[in-house]
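First up is the structure itself, then whatever we jot down about it.
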Amino acid sequence: MEVKEFDSETYDVVVVGAGHAGSEAALAAARMGEKTLLVTINLDMVAFMPCNPSVGGPAKGIVVREVDALGGQMGKNIDKTYIQMRMLNTGKGPAVRALRAQADKNMYHRVMKDTLEQEPNLTLRQGIVEKLIVEDGVCKGVVTGTGARYHAKTVVLTAGTASRGKIIIGELMYSSGPNNSIPSIKLSEDLEKHGFKLSRFKTGTPPRVNKNTIDFSVTEEQPGDKEPNHFSFETPDSVYLKDQISCWMTYTNGTTHKIIRDNLDRAPMFSGVIEGVGPRYCPSIEDKVVRFADKPRHQIFLEPEGRDTQEYYVGDFSTSMPEEIQLKMVHSVAGLEHAQLMRPGYAIEYDVVEPWQLKLNMETKVVKNLFTAGQMNGTSGYEEAAGQGIMAGINAALRAQNKDPFILRRDEAYIGVMIDDLVTKGTNEPYRLLTSRAEYRLILRHDNADERLTDKGYTLGLISDDRYKKFQDKWNAVALELKRLSRKMITPKMAEPFMKEHGLKSLKDGILADHLLRRPEVHYEDIVDMIGEGGAEVDRRVKEQVEIDIKYAGYIKKEQMKIDRLKKMESKKIPERLDYTKVNGLATEAVQKLSKINPETIAQASRISGVNPADIGILSVYIEQGRIAKIAE
Amino acid sequence: MPSAVTEYDTIAAISTPPGEGGISIVRVSGDQALSIVKKVFKGKDLAKVASHTINYGHIVDPQTGDLVDEVMVSVMLAPKTFTREDVIEVNTHGGIVATNKVLQLIIGAGARMAEPGEFTKRAFLNGRIDLTQAESVMDLIRAKTDKAMQVAVNQLDGNLTHLIGDLRQEILDVLAQVEVNIDYPEYDTEQMTTKMLLEKARTVSAKIDELLKTADSGEILQHGLATAIIGKPNVGKSSLLNRLLDEEKAIVTDVAGTTRDVVEQYVNIDGVPLKLIDTAGVRETNDKVEKIGVERSKQAISSADLIILVLDASRELEEDDIQLLDATQDKRRIIIFNKNDLIPVIHPLDVKQLKDDDIILLTSAIQNDGIEQIKQTIGKIFNAGIEDSSSNVIITSARQAGLLRQAKQSLEDVISGIESGMPVDLVQIDMTACWDTLGEITGESYPDELITQLFSQFCLGK
């Protein structure tokens, strides 16, 4: 019998899917004062982590800080639910230090669900969205499987791997969302009907085993840090978790690799069953063994999935081999000889909206007032999803308020780098943020995410007055201290005890405090020993900023010069609906790519692969002439 | 539809060097090339001939009907042409006057006079060639000797592009290793230490140095070695000049002003193009009107890379000699003790103004004695730069040299960063800058190269 549609409530913003993207999108819209509906297939899977039980790491950890600096939730949520915290890359410079937390998966879900439930303007509802309400190319709401028509000014889709999801384990293949949840099938069909180009991606997850059956004695322990660190700028050091839970490291071996090689004919990755494109950076173990045949072993991380569960995640052992083979593979690994399998690993194929169909504000070019975010746009990772989610939520709210879009440039945030990459270059594999994708990573540090973004978050209405004041106090203190050090002269006599202690040559002349701090062996504390405390209150975070600012001034200046050049190009806008076929001299490939992507600035155009410097020159001249041929709307 | 951008109208120019050569070529490029040439051509209907054919006929003045020259016309239609536009080349036979007339007629028929290098610029803009290739076409056109031509041909083959490409690949390998250590800190991939970065910076820097050493020679090949022959009146400058010119009969071109004054002359000495500065000045002093002396020489000195200072060995040093010796102290110079056939009065050892690195030669221009030595010396000065280059690649453009110096500066920043204890990811900023700058030389940039490299080389997980 056909389900009867009915007009349900009307909202400003409807967000579809309550994963890491959807949760942020809904919270941002609601906090900006929009009446928001968050509808998701299963309320017990809100902010669910279907793969690794961790948040952060290089580049990703910085995104978490950025989300927090804008007023988002991921940082706060992990700070309330972590079971281990580690700072990575401590031996390297400040730009690439990376915070990573092991999460209690279930708790992470419960705390986020509670936050959503407590949010005043937000309604959380279980339901499966099957189609969009679109009138004259403008999205006006959604319809669920139960027939409820929700009207809205704007809609954000974050369907993730549920979009026509298909799980594959060896010869077994079935329609499913992540972790045997209900897939979303009709929405994909509806999107295609509206003219969206979808493609198939693949990702995978490793087996889980029971902790009680692991022999930890033959593995290496990886404990958490003693030094306190949190993701949110608002979480105080005082709540740092004392009883952290360790991770453990072990390795595959020749036997593991032989089992895999002997059974490649049963591996969906190689037998042609999987059509979707998988990520290069998160390959399955069978992929690694084939591609890096000469490597005798691969690392495996054993990670607890939570405090009150025995389930362990076998990190870097992602596989879609038949369960029979998975068992043999797991048992071949040192420490896992008798491990009891709890869940087999699987591969999952899903639909993505090819992201070149988006504008920089995450609105689709195909349907107005419709935004997409998260894994649905071809990314992978909880953090990438959250970063897009908050941006889509903000922009959906701004559109509902008839305000200008909010866009972060590549020099402002990793989030900006990611969205620009997706929209400008598209992606032909699940996209992961890497620090190497950012041209200005010394500027895009995790420690200064608040400096970069909290002003913006405040203007948007996502940062409380109280938090904003603390933020201003911190940066005022940094400025004051920098000023003090740039004026304070250190005499040879003042520096002598330090020089002597470190076996350094005595100073000949006086030197400004900030100049002395530039020397690699001198730290902020040493300077304070010599010149005493200043007036401002200087906490750990202020010290850190002062030291980074002074020590790396030369490099920061170089990056800043590069950014200034970029800004010039970013300020050259390309008129909307420009007809590239009418621009004389453009290469055919450039015409095709430019027409497809419709870049908003000359700088964005220059980043499109297949558009060469000569094309950019021609295009600039053409625009400057001012007689622009346009495509009819 | 807006009008075509000015860069893409039809252009024409004589594309062979002006001179005594038998055949000259007038090249026309642009979408009107065919219709324009048709207006002045009598012969087959060029619109009907196959592309890439050469056709016999005559150029006729459409106003008067006068026959201007007997020509062969090559018709090459886009896109398989040098500029990727329609290109018509008129091969003339009648020497410079007739060739000029042909060009005038083509311009009269609607083409625009091409700016220097404009054909090449179009080839580059239309994606036909990369930047170094574009530059070497320019060099080829301007080549003043066979040797210069050879260098340009090598470059056109993409030798420099390959060499720069290799350097960039070396840097990319290092960068990928650095990046992998940053993005995957917990993996047991090999750590790229600052020590390894330091070694790489030094090797690449040395290779850039080698290339830069050729820059002087390259500059010389392209523009000629600016040489001033100076000396007080009657020391024999004129006969020396005549020896150098007459012996070689190798004046490549006269870059003349609008008057009769010859300001610069090119002479080919063992493959090295010498650009003789102010030869008019040299000759004028022969006119027994000796009003122009040292002052005029000083102008020539300031713009010369090489000074040939001629002294009269049969007379005592005079005030003029000493002034000239002083004025050229900072220059690379060859001091000629001429009139060696007469009884020498001065000896090099007596001239205290000489520097250690001066090259001293004894000659008799009248008797053609020592002229060969001068030539050999010039060849040696020039080849010093090239012989160091193992790669057969010579830097010929100031742009390339400038970018190479910039790349080298970045490497020096890498080295000093490491020496002052900066962490690897900061030092990497300068290493990346070097990689970018080298990419500018060839006009390529592949922002995704690094990431592709990352995944092809390393086995990584989540």
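Cβ coordinates come from backbone N, Cα and C, glycine included.
Features as listed in TrEMBL:
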| type | residues | note |
| --- | --- | --- |
| BINDING | A:G17, A:A18, A:G19, A:H20, A:A21, A:G22, A:V129, A:S184, A:Q375 | FAD binding site |
| BINDING | A:278-292 | NAD(+) binding site |
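Filtering the binding-site residues A:C282, A:E286, A:K288, A:F292 for a Cβ under 8 angstroms from any Cβ of chain B leaves A:C282, A:K288, A:F292, in order along the sequence. A:G19 (FAD binding site) carries neither a helix nor a strand DSSP state and counts as coil. Look at A:V129 (FAD binding site): DSSP puts it in a strand.
Around A:F292 (NAD(+) binding site), the same-chain residues six or more apart in sequence whose CB sits under 8 Å from its CB are A:H298, listed in sequence order. Cα to Cα, A:G17 (FAD binding site) and A:S284 (NAD(+) binding site) are separated by 27 Å. The separation of A:A21 (FAD binding site) from A:R280 (NAD(+) binding site), Cα to Cα, is 22 Å.
Cβ neighbour counts within 10 Å, taken over all protein chains shown, single out A:A21 as the most crowded of the binding-site residues A:A21, A:V129, A:C282, A:V290. Taking CA atoms as the reference points, A:E286 (NAD(+) binding site) and A:A21 (FAD binding site) are 30 Å apart. The Cβ of A:G19 (FAD binding site) lies under 8 Å from the Cβ of A:T40, A:M45, A:V46, A:A47, A:F48, A:T158, A:G160, A:G374, A:Q375, A:A385, each of these being in the same chain and 6 or more residues away along the sequence. Counting other C-beta atoms within 10 Å of each candidate's C-beta, the binding-site residues A:R280, A:K288 are led by A:K288. Ranking the binding-site residues A:G278, A:S284, A:V290 by the distance of their Cα atoms from the Cα of A:V129 (FAD binding site) places A:G278 first. Most other Cβ atoms within 10 A: among the binding-site residues A:G17, A:G278, that distinction falls to A:G17.
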